[in-house]
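Here's the structure, in structure tokens; my notes come after.
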């Protein structure tokens, strides 16, 4: 399930984000703890070898190797490589979220333009929206592991009520080497044209509106399919992974606490058994890589992946409710509370000064500057207007006052 913490950060206060650091579900700790433990164990093992197993001559060789690794590991551009990659992955993640096919616009057009309160009209509206939802189920079944596990076969979609057995036969009978998620939308278009012929759709403008919303819906389904098909180039993902892993492989040796190279450095040398700053660096960089790994495909089963099954249930429920139960089912028209009182009366606690525009309270001397910018000094009427409002005893207006008197 998607982890939401919006309520926890509704108000900015002291240590507001610190409460989020102690959550486990959806946290970076849950993503990273295995790699972190492996890094700590390898670092401790190499440190044990250096301190307890190697002789003096071998320790000197190891010390030179450690200094060499520490010097040249800094040449790997970690921040640039990881930052650019995660930025691209986030844009891709947001694009997939905004491409999710929601039937809200389509169901409003259907319920407002496909008329008829009889059984035929009701059947048309429900079937149109069922076709739209069926298309989204087919595309999500192709890209989401959760939906695939829920509907492992097309017969499961029939059992769930998104498709009839006859529609399944027609779908299987239509041969195509490619994904068939668009076929229910073609049924939608044909059925809408049939409703126009029957007079259920009043005019061609309403039919055009239906087709436009259908195409927008189809475009989002198509975009999800292409997001799943076309990923961030594999070579860049490999470059980022190799950069991070190789950097910390060098850190396993280069960040060991070895004897100082010069005797003068003994005074500032600390032999710490736990490399605190190296572990923090691993946490930040490896955690950054894990963020990219998490968001590059949000249709899996991670804690923060999209709740596709919940969205499918929501879409079919609200679309059927809008085109069936709520169709022409209006509440009784009554005069509202402010029918007589034209001004809305709010509680005094909510009354605040109303913003009227940045120039609403502009002073006359500010307006004067604006008028001067318009080069009105050469006009006698405007000059008289300015002289009327200028105070010759005011130190800020004195110079301008006499310059106007000279014209």
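Glycine residues also receive a Cβ, built from the backbone N, Cα and C atoms like all the rest.
Unlike curated records, TrEMBL annotations are generated automatically.
Quick caveat, the model's predicted, so the values are computed rather than measured.
Range 36-54 is the one annotated as transmembrane segment, of 17-35, 36-54 (source: TrEMBL). Given the ranges 194-212, 213-231, 270-288, the record in TrEMBL names 270-288 as transmembrane segment. Residue ranges 55-74, 75-94 are listed, and TrEMBL annotates 75-94 among them as transmembrane segment. In TrEMBL, the transmembrane segment annotation falls on 235-258 of the listed ranges 235-258, 307-330, 331-354. Of the recorded ranges 36-54, 235-258, 270-288, the transmembrane segment (75-94) has the largest number of C-beta contacts under 8 angstroms with 235-258.
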